[in-house]
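Just below is one structure, and these are the notes that go with it.
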2 protein chains.
Amino acid sequence: MSFETTATIASFGGKLLKLAHQARSTSCQMKLNLYLPPNASASKPAPVLIYLAGLTCTGDNGAEKGFFQNMASKKGIAIVYPDTSPRGLNIEGEDESYDFGSGAGFYVDATAEPWKHGYRMYTYITEELPHALFGEFKELDGKRVSITGHSMGGHGALTLFLKNPGKYKSVSAFAPITNPMKCPWGEKAFSGYFGKDDHKRWAEHDATELISHFKGDTDILIDVGTGDNFYKQGQLLPENFEKAAKAAGKKVTVRYQDGYDHSYFFISTFADDHLEHAAKHLGV
Amino acid sequence: MSFETTATIASFGGKLLKLAHQARSTSCQMKLNLYLPPNASASKPAPVLIYLAGLTCTGDNGAEKGFFQNMASKKGIAIVYPDTSPRGLNIEGEDESYDFGSGAGFYVDATAEPWKHGYRMYTYITEELPHALFGEFKELDGKRVSITGHSMGGHGALTLFLKNPGKYKSVSAFAPITNPMKCPWGEKAFSGYFGKDDHKRWAEHDATELISHFKGDTDILIDVGTGDNFYKQGQLLPENFEKAAKAAGKKVTVRYQDGYDHSYFFISTFADDHLEHAAKHLGV
């Protein structure tokens, strides 16, 4: 068994499992939460929604405050809540900033020293974690997977979807960082993980750049609160993403939610809509 | 204005207000959360549900993790989330235990030294707070109020309801301490707040004692998880409450929820049911 189950918690008729496993890609033990809806079984495996959390978060925030389990239970969808970075790698400075290093892996594989030794959340989320999970939990249907996320995790969801055509049935995001090359959070993270000048690689992890070249159809749902201070500060830039999508003829629906902020009060309010969006594409 | 509004947060179409005010009964500043559903107004004030939290909690836990705002928004019910004790009174030992002193006011007015100077949550919740809130927030209908709570707060909800016939339209509880005279948490708290030997006063704050003498009808909803370690340890004793209610001819519905624990994962799962129970009695 590659996963240790540290707790099993009843939630909305299903089970929330607190899991831990040794991950090669990130060179450390990774924790996560896995929600199994009622009646998921090896003979009737549940489709899966991956929820990528934002800066400072772990796999716990979404499970405790996002309120995804309610509709996931009704729809019969499993939810995977991974952590947002490696932990405890003893890299100098890894715990100094809220927006870089631990809690801020940005869902990329770092290429710059010293971060390339473990800050490889792209490989962890797209390959190692699903491979391990779907191998061990036969209640999960690894062929029907969608992805969503919040803020940095919204960036993760959008870029992982756009970089891997066919891997995910759908994508949605809450207040995502959609154009990291053009915002302070993204500039800091990409400078650190890729180096200041490797803008070609930066573009490979920028949703606004990626959607311009994406082959195939999209049906992307994004919610952004108009009272979100990070939106106001230009960290999210959803207008840039909308404009690029429109130019490329891709379907993107950005809903500007009046007065909502960046918190889990915002996420929980619209969680049902994102579950229903995923459910539609997952065929449930 | 007796309340300071430190934040206004959009949630499920309504507003969550973070409030603070100076309270005479508890001799300190008290913080709380107030959820106003959409469309509540002075001309159409919303009925109110008070949610009393459990040991170690503040007014934030229920608002963040209880998931009451979803159904409250749909039903047009306001929710008041008070704190669980006075804070910062500088009484020796007030922060030493998780189950006594700060975070553990037990919704009683202490009579023993030194706690009687400020540990007066009974008067705060039944008189001072509603008087101040309903005086200032004309969106609230102070004539239609129900009460609920979790664990120590379930004890609070049951005893405040049973001690004040007609004050609350209904009561429900999640994993309540129903017979505090007979459990370690209650014995410790009542010994401290009332003195070891004043068992007459203990009985005045024990739901199982109170229901035996209650005049009038009841329709009390209680959920308890069978996987709740505090239930297993005999801290909650719902069977004692059921037995006393039955002997007194009072309607009490205790639902033993298979495998659920004592956490907010349990509460959020059944929050809708408790909102609907209150809504029925509040006439919405």
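Using the three backbone atoms N, Cα and C, a Cβ is placed for every residue, glycine included.
Annotations in TrEMBL come from automatic prediction, not curation.
Now, the feature entries from TrEMBL:
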type     : residues : note
ACT_SITE : A:Ser151 : active site, charge relay system
ACT_SITE : A:Asp228 : active site, charge relay system
ACT_SITE : A:His262 : active site, charge relay system
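Feature map: annotations from TrEMBL on the structure.
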residue  : record                           : CB count, 10 Å
A:Ser151 : active site, charge relay system : 25
A:Asp228 : active site, charge relay system : 23
A:His262 : active site, charge relay system : 22
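Taking CA atoms as the reference points, A:His262 (active site, charge relay system) and A:Asp228 (active site, charge relay system) are 5 Å apart.
Distance noted between the C-alpha atoms of A:Ser151 (active site, charge relay system) and A:Asp228 (active site, charge relay system) is 11 Å. A:Asp228 (active site, charge relay system) falls outside any helix or strand according to DSSP and counts as coil.
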